[in-house]
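Now, the feature entries from Swiss-Prot:
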- 60, 62, 75, 78: Zn(2+) 1 binding site (BINDING)
- 535, 537, 539: Mg(2+) binding site (BINDING)
- 877, 953, 960, 963: Zn(2+) 2 binding site (BINDING)
């Protein structure tokens, strides 16, 4: 077998008949599969052992040779080779066709490749292939010219002969008529009898004339057709064609079906065709030019590769190995078989029938019909349903053809190559394990035993609890007591991977150290739930065991949960204490007045704890405690002679002192109430300033304290805790009066219906807000629900408002707001009518969520596909370019404050140019920008920075570490080999389900630009580079505007400053203008409200501006939903969208006009041309949507496994594409290690050697006295170096 690690590229091409025959191990001649009596394969059938190999290991068909000792022998009786049965998975056969057939992919695909090559319309092509028209394959022009006059004379002679015959026939008939009339007259017949005779004679004569004229016309037609006959003409009139063939058969050849095409392809001159097409492109315009360009692409594909166009017509069909289209016996003696077998049987049956008809010399029409049926059978085998009605099996189900085997989610690519199942895995329900450390998980004993079975068995043998592996296996299966001891020894320090589906980002699979637990549920640390998005309502998780030492090392170093504290999307901690822990810490750090022990002083924390235990001190009482090792805050009053490290009297509460015990020793004393915001700031700070180990320990301590005090806080909820605001009725009455007034104005006709709606909505929104404010003021702070909401543990004021205040305005099914509010709260209970109008929104919400999940998953899939080959390949690409970004904004008093978007823009990047303040370099280029550095710069008055960005990176493949900046997940500069493309796709896709789906309708005049697309559809629209609905034009020139009214709408006319031609922009009356008459506009300025078309931005303002536009617009959507994603992730995707250039002028290069090429290749080719003194080609940057960009990738494997599988493979085979295997998907498909992370050669080619100390420790021998072993002398304690030690020598015994 071919080893996957020994090739660098994978090429796909068109197989010729010779190729198919060389792959084959024999011809399949019969449609039989297996004998239903003996259940053995039939000879020469679709499962024949002689062709495909034996069905049993080392055993021939007739049973003469059995056992492995006959390996390789071919039985002389049955002709079967004695070998392993698994060769039936790799040996192919073939069917020799009695007539050639075309490959449906090349004839029926869009565009038809055969049609482009031969310049035939697909309809005409179909007529030829399916025997509805003849095609001329060759014309002997010389002979025709040479014999032209004699042929013409021959035709003239024939015509004259016909004329002469006609004249003589008419004459004879006239004579007969005269005789008849004379006879009748003699008999004295009546005049009408005579008239009838005359009329019938005249009719006959007219018919003779007509027949002769028709014959003459036919001769003329035949001659005209022959005279102008040229290669590739189609002739649908069979009679005419036959007559032509009879007369002038020496001068031309023609035919129908695939055979005619095959003949044409053999004589097709590719080079001449390419030359004439180039000429057309150079001189032609419009439609002709575009068609010539498309045709040239196909023609040059055949010219430049080893492919021959004859490969598109098949003389024999390959038969795939039988084990890939199996036939299995079911219980009832019936057989289940793969659809392919049925399709192959149709082909073989029709082929055999055609052979027989040809042998019998059947009439042409019957043979042609059989050939057409054979063509259809082969079409159905390759791609059933592509042409005409699909072939159906039992129950009218279309049969699955070879193409269907590859296509779609259930196809070979996505189901088997990219979605493999793995061994050493198990799954179970999860429960919480609050006693675990951050890097641990609880693994049920039975699961652990099954997963680590091989390890346990080996260890049992090593410790000689079992004689051999077999008895060890028996011991494990019987679960002997000693097995459990061995198991706990085996799993120490052997991490396992836990994964929860759906794995939306890389934190969905993490490594933990297993702790054996009783029961059958996996226990999970509460802090990693956020990363897994897990809860304990019946979720399940999967466990995987890393086997090799390398896999274990990677799991421990890269995947251990305590090393994955930061979220790759924004670089902020993901292991945040939540819910109970927050309420516990809030309870711990709150301060209360008038409680036991207030105002006391304690000499130490221990003393205060003692007082607390004696019930003399309340946890939240304000007291003074003398603490040691405190890091004071700026707000604390310090004694004059105090130094760092001295004891300090702190005004605090016992709870806060205990809370500070959980934090690192040198952390600033926290003397405030700790709610969710505060806690999040503390954890952020820890992650930024302390090593991972310290952070993990602190988080565990916070978790312990949180749960401990949450239990003791006695947080409960009862219906009495839901307090209704006291002034609710009064508030509602005032607003009711206002609403009544508006209604009256409407009824009097003073305002329109839209205005009434709008005003009512505003009134009731205000009312709802007032009730909410009243509620917030009226609720006592020690109320448990109030504490839950204000601490940030669960719920928000809006939910509170609905529970205790009023539900407010609701939307109808169309998404418009109903102008009557729901005045009741859930505490009071809703009326039937109110309940009914609330159901619309609830139902829509559920439907929305279901749709959103699917859409978001598909978006993630497309993002991954477009960015999967973006890997950090080098340390620095050496560019000087970068993007300028703001880091500060001015307050009203002129002072600077940190810009709101620094978190997602400048943070974690590399500085591109030195920062200079007053001539002094404050920060050199190449510095990493963290929180501390940015704050320092803002203090120095720096407002914006030029930073490195992926968009300006000049690496040829992937990107470089400096342009990418910090890896957000590790907080350090990104490692070479990091798959930043996948991380980016996951970071954008993972919060996709949180985005809304709705297009908001506020109904009426409130909406500014019609319906703005928001949420997920907007993100998709941007990444697919679609023109948005109701897009706003942007000015192409700088100049003054004037607005003109037309009968259809309005138009904005811009008069350029440089006196060029005026530019007009038609806009509808509904669009809100952003300019007035006489406004001065700049290039690229928006003229009306609405979304801008990114393609226009690219055309008018260039690639850099469109990149910034896309990043900002995507961020706009995510920010509006409160999702924080770093710009660099979006930049990675946008960079992939603008990676290609469309060639406009070819000039001296080899690039074809209209071709899409990667910018790197375009620049390389131009450099080559210029070095040779030629003229470089010109191109324009192209903005491609992510789907299109994925399909345009250099890797055909990746594109085929993404979408439109058959189309991608058709193209790739025709162009003889070679896959460089640079991305991740391609390597997963062929089973290589991915070229990212530790799969890169720079990490693979490493030797591990122990240090001297390690060697000494490992091999040291205890010294022994010379008394014990006198003859040896004193032991040196020196280890024997391994390489000098010969295990095989006899003296070793």
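Please read every residue number as a count from 1 along the shown chain.
Cβ coordinates are placed from backbone N, Cα and C, and glycine is handled just like the others.
Report note: the Zn(2+) 2 site is defined by 877, 953, 960, 963, and the residues of the same chain whose CB lies within 8 Å of the CB centroid of those residues, excluding them, are 874, 876, 879, 948, 950, 952, 954, 955, 959, 961, 962, 964.
For the Zn(2+) 1 site, the Cβ centre of 60, 62, 75, 78 serves as reference, and the other residues of the chain with Cβ at most 8 Å from it are 61, 63, 64, 65, 76, 77, 79, 80.
Sparsest Cβ environment among the binding-site residues 60, 78, 877, 960, 963 (other Cβ atoms counted within 10 Å): 78.
In the shown protein chains, 25 other C-beta atoms lie within 10 A of the C-beta of residue 953 (Zn(2+) 2 binding site). Of all the Cβ atoms in the protein chains shown, 17 others lie within 10 Å of the Cβ of residue 539 (Mg(2+) binding site). The binding-site residues considered are 62, 75; of these, 62 has the fewest other C-beta atoms within 10 angstroms of its C-beta. Residue 535 (Mg(2+) binding site): 10 other CB atoms within 10 A of its CB, across all protein chains.
Taking the centroid of the Cβ atoms of 535, 537, 539 as the Mg(2+) site, the other same-chain residues with Cβ within 8 Å of it are 430, 534, 536, 538.
In the three-state DSSP assignment, the secondary structure recorded for residue 963 (Zn(2+) 2 binding site) is helix. Among the binding-site residues listed (60, 75, 539), 539 has its Cα nearest to the Cα of residue 960 (Zn(2+) 2 binding site). In this structure the alpha carbons, written CA, of residue 535 (Mg(2+) binding site) and residue 60 (Zn(2+) 1 binding site) are 58 Å apart. Put simply, 539 is the one of the binding-site residues 537, 539, 877, 953 whose Cα lies nearest to the Cα of residue 62 (Zn(2+) 1 binding site).
Within 10 Å of the C-beta of residue 537 (Mg(2+) binding site) we count 5 further C-beta atoms, all protein chains included. Secondary structure at residue 539 (Mg(2+) binding site), taken from DSSP and collapsed to helix, strand or coil, is coil. Rounded to a whole number, the C-alpha distance linking residue 877 (Zn(2+) 2 binding site) with residue 537 (Mg(2+) binding site) is 50 angstrom.
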